[in-house]
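TrEMBL annotations:
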REPEAT    274-305  repeat 'WD'
REPEAT    323-357  repeat 'WD'
REPEAT    369-401  repeat 'WD'
Amino acid sequence: MIENEEQLLCSNNQHIPSPAIAILLDKDLEGTQQLVCQQCVLNHIGCLNGISITQGLVRIQQLKEQIFDQIGILFQETFHYLKIFQEKILQVKQEFLQTINQVIDPLELWMKQLEELKEGYSQYSIYTEINNLTKPTDLLIEQEKQQFQNRIQKINNQYLTKTAQYLKVLDNFIADKKLLLKLNQLQDSTSNKEKILNEESVNTGQQKESNQAISQSYKQERIQHKLIQEVYQEQECHALDFNKDNSLVAASCKENIKIWKFIEGQLINQNILLTGHESDVFCILFSKKINWIVSGDKTNQIRSWIECKDVQGKTYWQSSLPLEVHKSEILCLHLNKNEDELISASGDSTIKVWGVNCNLNKIEFQYSLEKHTSYVDKISLNSTETNMVSCGWDQQIIVWEKDDSKRWQFKYIVEQSIEDIGFRIGFLQDDTVVWCQLCEPFLHVFKLQNGTFQERSDLIVKLQNIKTENNYNDFNLFQLKYLQQEKVLIFKYNRYVYLMRETLDSTFIFPCEPIDCQSIECYGNITDNGRYLIVWNEHSKQLQSFEIEYQ
């Protein structure tokens, strides 16, 4: 109350102002007219309709408290939405500035390398240049120009991909309408509070039921994962694979590849390091017949490696010459079952097909598939290897088919309701494909119907209760895998690795909690029998080995 009780005076101006002791409740009186003193009360004994000043103040206080409680509810609701909106704005600001820096930093390095390249031409050895005195000047200049151009192109290729990727992120920030939607939700909340409260109540109930269902699924068909080893590796490991009997692991170590022994889930360092790539290794495939490896890197190189023995019987690894047919980073490699065909997907928007002879450590380019218009993130083949699906940054899912001459041909583009970058894709069965989008935590299912893959909105899987980081900081290098015998799908989204079991009606249940890798920059692979999973993450800078048990 603003006034003190002593300030409340009788409204009767026919006598000296006296302290009010009662409040009249007549409807035709307003404000101070309702305040009367002791003398006025005595003058109206028997016909006074009122209450004592103390009773009135108590009733007013109680009424104000009730009103304040209701206002508090409305205030809290609106304030809550504003708080969420503010946090979203600050998050976007932080991510935007971070992305700006991620564009600026490589640009500065890019320019620095070009300057160093140019300065290198101003320094020379007289012993080397003496040999050029006998060469035609025009020819010499042309050779030097071509050599310089090739070096510039190599530097440009190295930085162009990463810069373009972050420019794409900035473009998405500008086009993002999520903040506007949040603001519209805020406007709706102020004009239709009751509806929103009811919706929140329903959503809370649905969330509770969903969590109960998931919890029940956990109990019904358990999968247990147990961390059994951690090995420190400071250098990024973007890719790894297992050999034919899971006795060896080939894991990237920046631009190198490290060969580990692998016994009962334990990585054993052999101090074998394969060198030759000039940029981070993004893809590794191990032959399932012999100890032969094919790898692709961040620039555009593909290399193969074969285990050999010298005359003393000592083991060593021999590298092929680099293959530089792609013009950008290698994002996915697939070796067919016969191990005579390699398929590569790249940031240059192409899929390339290669002939392979593992025993001779030989790979030869055959032809290119050019239908995508941006980064091709992932490819996957069906069990008969007659159909292939691919996805990428052009937001398309493309189906390819082998013709009678055993060459891949474009077949059709799958119709989708979601416009988003495709980050991971894979066949579960010949009639089922799953696709993971970049920006939202959903796994989409497509079924083969009337000869084409159709989106099944009733089978969509929402990944719940997760802490997400900026998805654009993720590389799409952790391929999903489906274990046919266990009917279990293993795939990564954001900082989590999920193990989900497919049921008879093609829905998915969660038999265990996802593995939280603590960082979106986590990459790994699982053995073909599904027993062991190895993940490297940026947070701990460790190769972590998990044992998986299926019940």
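A Cβ is built for glycine as well, from the same backbone N, Cα and C atoms used for every other residue.
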Long-range Cβ neighbours of the repeat 'WD' (274-305) (under 8 Å; 6 or more residues past either end):
154, 157-158, 161, 236, 238-244, 248, 250-259, 317-335, 339, 342, 344, 346, 348, 354, 356, 358-359, 361-363, 475, 477, 528
Given a Cβ distance threshold of under 8 angstroms, which distant residues of the chain, six or more beyond its ends, lie next to the repeat 'WD' (323-357)?
157, 160-161, 282-285, 287-289, 294-303, 363-370, 372-381, 385, 388, 390, 392, 394, 400, 407-408, 476-477, 479
Can you break down the repeat 'WD' (323-357) into helix, strand and coil residue counts using DSSP?
0 helix, 20 strand, 15 coil
For the repeat 'WD' (323-357), would you mind checking the mean pLDDT of the predicted model?
96
